[in-house]
């Protein structure tokens, strides 16, 4: 804990305070709260202050930090207490409980949620389906119970208006197998009336604001809560968005728990019936008492599946059984009818809440558990109960709540003292009596048979005749006139804070509470007039779910109308059973404190908190823990934490036992006089000793950490070095193996590469290792050069020019034209051939001789007949002659007269298409582009485009000039400064290639096969 809880955060445990005074306690509490430390220990008790804001103290990462840790190893937290309770239950197979107490708004409900989430997170690592089901029900039950049992109050926007105790059953592995919920004293009077600034239970507002329009229409409800008597008080206190979202969350939670659609519909119908019941008003007429709006009775009857006449009769009259089993019906007056209506509404809601709790218990019940086969289950109980309440106007509910807190405080002190005494006896330490405030006199004042307040209330409720609240107060004064914790205005006439005949005061351990007796007899009777069950009894209601809420509906009317136990007696019996249940378990406590009334984050009202510290008995708890010894630890755990502070115990002692080693350590520090040695534990008397040891440890920890880091880093470095050496050795051997294997494979594959005529053409190269990829790339290049050499050296010299031209054509076309005539022999000078030009070969030869004498060229690169188109869109037959000096356009019909001669140095490029046509566009610098189509070939349609491109490209490469060759199906050309385009169109009925004019240039009509 020292690493995360420095001195600047105050003392993490109040037991470590130098002086146990209220001032020191409050100073430490305030310091920790201001630093964001909302949890502080008192031994194993957690004191929690509500921060009224979200803090990064929860979630999976924080759960992992506390799982399996001891309390002192981490800063104080709810998770630490939950883990301690779970470990104690699991290790010692002992039932445990976590008691969460504090006033409304102190954060009890949130604390119980975090505890449940922690237990759910650390259990069931094997993901068993049944355990996951139980965990889901445990977590989702909180959402449902909050909706039906919580309300918006002046102290808390989500105040629990009932007490809840949940037992969680665990198997021998520590996984939850089931659970059971007990509820205590639901504040059902809230259904009828709320204080100013408060709301009814959440469930009403969630239904009105979250249900769909069709559902509300079916329930005869409207969305505005202000339209209903029971909800109009708090109609504007909470945003409808949150109610709507919470409604959906509750519906989803009920589905997860296992409520059927019919059951959820029944719940909504009952809520609607209560709202309609609250709007029923009574008027007195000459014929008797009547209901003002009978349609509301119709709604209640339909929603409760009860005959309308029975509902009307139950509201306007009451039925009782006489001694002779004769039934007598007595009409109500208007006040009695309103009382009956309100009692009916309270009773229905209480039965609904009890049924929901029972339904959840049915689902959570452990299934298929056999103690002989599975072993005995252990239990963790979580008690979330109302805290001590002192209001300006206190009534029966506050009286019961404060009695409950007295019982729990009595149990708390008794169990703490009992645990202390048992531990001292186990360890052989002499027990010294500890003085503390014993509140047994207050508990006896309330629950003593025949003379206690509850007994007198029962007697007053059971008396025949008229017994008023004033007579009940007089009886209290008579019985408790001399009790030190009871007073009234009659007994203390000078105390003007109380009124004559109305108030009495009980001096609780937490403060004096003045209660009014007005209406206390009605509340003691539980307000449930005897014919209320007849509305929903099994005899009349056809709704099975509703009937199951009223099991006494099946009884005879003479049984139903027997007077039930009073509310006070029922509550006292439940408290006695609860205390007996808790006393049989190992307890852990969470004490919740409300820092201010404004719910303001970061603000702590010292006077408000001082009062809560007093009535929670926290200072007394510290004194009890420190009365003998402030701290105690097992010897192994003490050594594990402090052995580095002594040379005789670090790193491991050689003494006879851990007890001897602890003695040597304390003697070296000079602290042996402030401790006592038990059989298994060391008892430390003053916190100063513990602080001294912690400070010494804190000074040494950084040095030890550095030493361990150095040793560990050296170990890691040496281990990494050895691994790297091994890795490099293995890598070297493996690479050599791969290289040898690859070279062997290459050698085997190339055995036949020297043999003609293929010279290894079809050989497949093996995939090389990555390290040999550059080597193989080089080898492939050398092989291609060698193979080319082998093939070329067998080619006759006369064919070399043709080969070079084909290579030049292939490079220039770059694969963009598939068919370019590379598979045939190239003759170049086709006009001198008697095959292509049988009738005019001689005239052409004469013209060629004249041009050679005139221009002095050496070689004819290419010659052929062409179809030419000019800028006037006219097509003519011409001849094309390419020499190493000029490009000539000749007139074949006039002895091949030269029509145009362009120096070859001015030719910048040529363009062809990607198809099988013979279109060529020759581009020249400063002159019109020449557009021609090779034709009149033998054989017909012979493909000579590649030959023209290859001869021209080869010549330009030889003289070191650039020639741009473009392949495009739409060729751009320039004629007289105008940009035009020429494309090719295939036509089946075209006899010979020819040009025609288009909108932006020319189109070559090419005969298609």
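Placement of Cβ uses the backbone N, Cα and C atoms for every residue, glycine included.
Of the candidate ranges 575-597, 598-620, 621-643, 644-666, TrEMBL annotates residues 575-597 with the feature region 'Actin-binding'. With DSSP classes pooled into helix, strand and coil, the tally for the region 'Actin-binding' (575-597) is 9 helix, 8 strand, 6 coil. Note: the ATP site is recorded as 102, 103, 104, 105, 106, 107, 108, 109; in the same chain, 50, 156, 159, 387, 592, 594 also have Cβ atoms within 8 Å of that site's Cβ centroid.
The average per-residue pLDDT of the prediction over the domain 'Myosin motor' (9-698) is 81, rounded to a whole number. For residue 103 (ATP binding site), the same-chain residues 6+ apart in sequence whose C-beta sits under 8 angstroms from its C-beta are 155, 387, 388, 389, 592, 594, 612. Listed in sequence order, 142, 146, 150, 158, 160, 384 are the same-chain residues six or more apart from residue 109 (ATP binding site) with CB atoms under 8 A from its CB.
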